[in-house]
Amino acid sequence: PMTKVLKADDINKAISAFKDPGTFDYKRFFHLVGLKGKTDAQVKEVFEILDKDQSGFIEEEELKGVLKGFSAHGRDLNDTETKALLAAGDSDHDGKIGADEFAKMVAQA
């Protein structure tokens, strides 16, 4: 579970901050949830949890549920938020976010 890598308090704070549709900001979320400053291995571990189908990529459908990946209380992102998140992370434009792309997003947050 995510709490193996991140503090439950931080996760809850971050989920609460973006409970309203249309408010999601991945950079702020990564800071609030405590992902910034984690080791490469820990960031990879978070990526693997979010990669529900273990394909090596976080696809659009998985991005939509990214907050649920952190907490059962998370909401689905709306289409605009999902597409913005994908656009921000998908540097090779293949329609999904790989582990390296995810690590880069965290580093740039």
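Just so you know, glycine gets a Cβ as well, placed from its N, Cα and C.
Swiss-Prot lists Asp51, Asp53, Ser55 as binding Ca(2+) 1, and of Glu45, Glu62 the one it places in that same site is Glu62. Glu62 (Ca(2+) 1 binding site) carries a helical DSSP state (H, G or I).
When other Cβ atoms within 10 Å of the Cβ of Asp94 (Ca(2+) 2 binding site) are tallied across all protein chains shown, the result is 10. Candidate binding-site residues: Asp90, Asp94, Lys96, Glu101. Nearest to Glu62 (Ca(2+) 1 binding site) by Cα distance: Lys96.
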